[in-house]
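Participant: Quick one: structure below, then a few questions.
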Amino acid sequence: MTSNFSQATLQLCYENVNASCIKTPYSPGLRVLLYMVFGFGAVLAVCGNLLVVISVLHFKQLHSPANFLIASLASADFLVGISVMPFSMVRSIESCWYFGDTFCSLHSCCDAAFCYSSLFHLCFISVDRYIAVTEPLVYPTKFTMSVSGICISISWILPLVYSSAVFYTGISATGIENLVSALNCVGGCQVAINQDWVLISFLLFFIPTLVMIILYSKIFLVAKQQAVKIETSISGSKGESSLESHKARVAKRERKAAKTLGVTVMAFMVSWLPYTIDTLIDAFMGFITPAYVYEICGWIAYYNSAMNPLIYAFFYPWFRKAIKLILSGKILKGHSSTTSLFSE
C-alpha cells in the first residue's frame, strides 16, 4: 500500500545543500486539504479575535476591567493567528522551514510567549470572576482598572521574559548538546529543550490550570448557593425590595459571565493538555512520540486561539450585536461608540 507520508526517493528541503534536512512529502490532495484546514484556523483566529478587540475598545459600554482583560487575551490569540500559525502551517505541511534560522528563533519565542500569555490571562480572568461572583456588590472597588492593568502587564511580561530566556540565551540546551547538533540541519526549525526547562514549562501550565480549576469549582458552588437563596427569598415575599432585586440581577449577570468564561477555560485546557503531556513524555522518554502525533497535538493547541471568539458569539448577545455593527460599517458613524449593546 502506498503511503501519503513517504516516497521511495529521498527528498531534501534544499536539494543542492549537503546539510539539508530530509523532506517528508505529502500527496498533493492531502497537502491542499491540510492547507485549507490549517489556513481556516489561522484566518478564524485573526478575524475573530480582531472583532473582540475592536468591540471592547470601540464601544464605551464594554469599557470595564474584566472586558479589557478579555481584549488583551484576544490580542494574544490574534498574534498567534497572524504571526505563528501561518509559518507553522508551512512547516507542518512541507516538513521544512524555509524562513531562516533567525526567524526560527523569533517564531519559536513568539509561539511560547503568546500561548503562555493566553494562559496567564485566563488565570487572572478566573480570579476576576471569583471576586465578581462571591462579592458582587464590592467587586467594582476590588477589581479596578489599575488592578486589571497590573494583571495584563504580568500576563505579557512574564511569558516574554521566559520565552526569551529559553530561546535566546541557550540555557535550555545545556546537557543536550549532542541532540541539538543532531537536529541542526538546513531547513529545520526544531528547538530542543532539556528536561529541567520542560519541567518548568509544565509547571507554568499546571499551576495556573490548577488555580483555575479550584476557583471555578468554588465559583459554581457559590453560584448554586446564591441561586437557591435568591429563589427562596423571592418565593417567601411577594414584595421584593429594590436592593434584593438589584442583588439578584447582579448575581445572575456575574454567574452567566462566569459560566461563559468557565467554558473558555475548559476549552483551553482540553486544547493544550495533549500537547503539554506529549512534550513532557518526549523529554523524559527519549522523544518516542511519532512526528504526526506531535503535529496533531500542536494544531489542536493552536486551534484554541480560534475558539474563544466562537464561544463569546454563542454565549454573549452583546458580542453578536457588536459584530453586526462592525461588519455593517455602522461603527464608522458618529456616536456609534455609545450604542447600547445590552438588552437589560
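Sequential numbering from 1, following the chain as shown.
Here the Cβ of each residue, glycine as well, is placed from N, Cα and C on the backbone.
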Participant: Have a look at Swiss-Prot and say which candidate in CYS151, CYS185, CYS189 forms the disulphide with CYS21.
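Facilitator: Answer per the record: CYS185.
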Participant: Pick from CYS47, CYS151, CYS189: the cysteine that Swiss-Prot pairs with CYS104 in a disulfide bond.
Facilitator: CYS189
Participant: With respect to the membrane, are VAL90 and SER328 annotated by Swiss-Prot as being on the same side?
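Facilitator: For VAL90 and SER328, the topology recorded in Swiss-Prot gives opposite membrane sides.
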Participant: Could you name the stretch, out of 147-167, 197-217, 257-277, with the greatest number of CB pairs under 8 A to the transmembrane segment (68-88)?
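Facilitator: Highest pair count goes to 147-167.
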Participant: Could you give the residue numbers and ranges of same-chain residues that sit at least 6 residues beyond the transmembrane segment (147-167) on either side and whose C-beta is under 8 angstroms from one of its C-beta atoms?
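Facilitator: Contacts of the transmembrane segment (147-167) (Cβ under 8 Å, skipping residues fewer than 6 from its ends): 65-66, 68-69, 72, 76, 105, 108-110, 112-117, 120-121, 124, 127-128, 191, 193, 197, 201, 204.
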Participant: Sort the residues of the topological domain 'Cytoplasmic' (55-67) into helix, strand and coil with DSSP and give the three counts.
Facilitator: 10 helix, 0 strand, 3 coil
Participant: Mind checking which residues of the chain, 6+ beyond the ends of the transmembrane segment (34-54), have their Cβ under 8 Å from one of its Cβ atoms?
Facilitator: 26, 70-71, 74-75, 77-78, 80-82, 85-86, 88-89, 92-93, 299, 302-303, 305-306, 308-310, 312, 319, 322-323, 326, 331
Participant: Would you identify the secondary structure of CYS185 (disulfide bond) according to DSSP, in three states?
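Facilitator: It is coil.
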